[in-house]
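Here TrEMBL flags 62-521 as domain 'Major facilitator superfamily (MFS) profile'. What TrEMBL records for 55-80, 106-124, 136-153, 165-188, 195-218, 224-244, 314-336, 356-380, 401-422, 428-454, 466-483, 495-516 is transmembrane segment.
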Amino acid sequence: MSLKGTDEAQHVEQISAKTFGNVRLRNLETNEIILIPTPSKDPNDPLNWSQAFKYYIASVICLAMMMCNFLAAGPTIAIISTTQDFFEGASPATDVGYYIDSISKVSYFFTTTSLLQGLGNFFWVPIANKYGRRPTYIISYVIYLACGIWLCYERSYYGFLVGRIIMGFGAGAAETIAPITISDIFFLHERGAVMGFYTAFLSAGVTGGMLVSGLITINHTWRTIYQVASALIGFVLLLAIFTFPETAYIRRQPENSESIASKTEVSEKSLAATHDTERLEPAIPAKQSYLESLKIFHQTLTTENLLKLIARPIGLICLPPVLWAALVQAVTIGFLVAVTSNVDVAFNETYGFKSWQVGLCFISGIIGALLGIPAGGQLGDKVADWFTKRNGGVRDPEMRLPAMLPSVITTPLALILYGVGIEHKLHWMVPTVGLGLLNFSITQATNICLVYVIDAYRPVAGEITLAVMGFKALFGFLLSFYTNPWVKQSGYQNAYGMMAAMSAVVLLMGAPLYLWGKRIRHVSWKWPVISYIHWHADREVGE
């Protein structure tokens, strides 16, 4: 067997014998936090960047991710005027059937975009894992910007639909690659808080897009939404090109003791002769210049082929923790997609609200997302740290799951308030409060469950995020596709009541993972189907 093949076999044996995510995070004697991963002495190691620059990078990727949802969901606030523009004479006052059919056709603009945002990442994430984050961000955003400009002027229905589909393909990359980038530059004990901002911006992209789009429609047509968004997308693209360096870093892994022992079976004479040489550490590279950091492509990051990188997320969804995280995303973000797919129609028919008034209701969503940042980030970290101290300084990924308890209440409550409020024409504040609570849950619950699975399977954080987000996108597409017919047949109260029940069941499934998650991860890793998705040694990151 070749040396490479031997090392790979040893690596598979090692990872099969351990439970992922269980690391010593605090020193037994001093109780100080241990930096995981261990930073190198290389000044180009992202872990060695200044804290200010790290947070700047996090701000750029959060802004990029927010803008992806801004244009994907924001224009739904003007679905009525958009329908009347593409289908002349579509009005409930003249022909209700034609009006409803036209609304359904225009909703395809947004449902297909949502679907491609998720499915497109089966292309983008493997590219990011093999060739780097920087080229993926830039190329995907170029596509996104081009489609945004195209849609400003496209007049035909089918041309606009194709433009939205391609736009979704380009827009989805930032949403999935952002967690990988955060994991690249922040230590284990810092990620929860930073990921809280990620999920808040994920939610703010929808709520902020709805709010701003609604305000634009007061004095302008719905096409102005695309013009404003394209300008903002162009600004983010410039930030990525000129200020965003590559964050992927190939980290040298220490050899295991058995390997070292086998390689040192040489004579004392040889040892004495080479003693000084062996003590020499690898030369520390020079710090990259600004111009060098502007290169689009830097290096190939893994020897794994693209086909395996594409197939791995499909296998990862079979792992119980990953499947549960995907379901949590589906019953929070997916149900928000269901709400936004008909919110303009619902508030117009129930309260007589115009598009800009509906947009203002999403201020509650922004407030909910902001409250969810500390509840999903710092609270999750503090809860996990408290359990870590009680466990002798050893961190298990499941230790942050109890922090999700608020969302077990707020998620079903939000959907009940929205459905009952619209159905019984209660004060408009009732469904509006529901929007706020749902966005709180998105920021809080999705952050905790996503950080949980990334901590558990850190070497394949990209594929983990893809598995979760891809499943969410598919579920969200199906849900938004059938929301209007479902509501029409069952009514708002019954439809959203069923969604509330589904969300409660899914969130409560976190309890058995908290109790037996470590054993579940250990056992599921040995399943035959999972053996096909084991990763190469060059994907290890020191965790």
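From the backbone N, Cα and C atoms, a Cβ is placed for every residue, glycine too.
Whatever TrEMBL says is automated annotation, not expert-curated.
Only residues 6 or more beyond the boundaries of the transmembrane segment (314-336), in the same chain, are considered here, and those with a CB under 8 A from a CB of the stretch are 202-203, 206, 397, 407, 411, 415, 438-439, 441-442, 445-446, 449-450, 452-453, 456-457, 460, 463-464, 467-469, 471-472, 475-476, 479, 499, 502-503, 506-507, 509-510, 513, 517, 520-521, 524-525, 527, 529-530, 532-533.
The transmembrane segment (165-188) makes no contact with the transmembrane segment (356-380), as judged by fewer than three Cβ pairs under 8 Å among residues 6 or more apart in sequence.
Of the Cβ pairs linking the transmembrane segment (224-244) with the transmembrane segment (195-218) and spaced 6 or more residues apart, 3 or more are under 8 Å, so the two regions touch. Between the transmembrane segment (55-80) and the stretches 136-153, 195-218, 466-483, 495-516, the greatest number of Cβ pairs separated by less than 8 Å involves 195-218. Residues 331-332, 335, 339, 346-347, 350, 375-376, 379-380, 383-384, 387, 428, 430-431, 433-438, 440-441, 444-445, 448-449, 452, 492-497, 499-501, 503-504, 507-508, 510, 513-514, 517 of the same chain lie 6 or more positions beyond the ends of the transmembrane segment (401-422) yet place their CB under 8 Å from a CB of it.
Packing against the transmembrane segment (106-124) from elsewhere in the chain are residues 68, 72-73, 75-76, 79, 82-83, 86-87, 136, 140, 160-161, 164-173, 175-177, 310, 313, 337, 340-342, 466, 469-474, 476-477, 480-481, 484: each is 6 or more residues past its ends and has a CB under 8 Å from a CB in it. Confidence over the domain 'Major facilitator superfamily (MFS) profile' (62-521), given as mean pLDDT on the 0 to 100 scale, stands at 88. Under 8 Å from some Cβ of the transmembrane segment (466-483) lie the Cβ atoms of residues 107, 110-112, 114-115, 117-119, 121-122, 125, 172, 175-176, 313-314, 316-317, 322-323, 325-327, 329-330, 333-335, 337-338, 340-342, 450, 453, 495, all in the same chain and six or more residues away from its ends.
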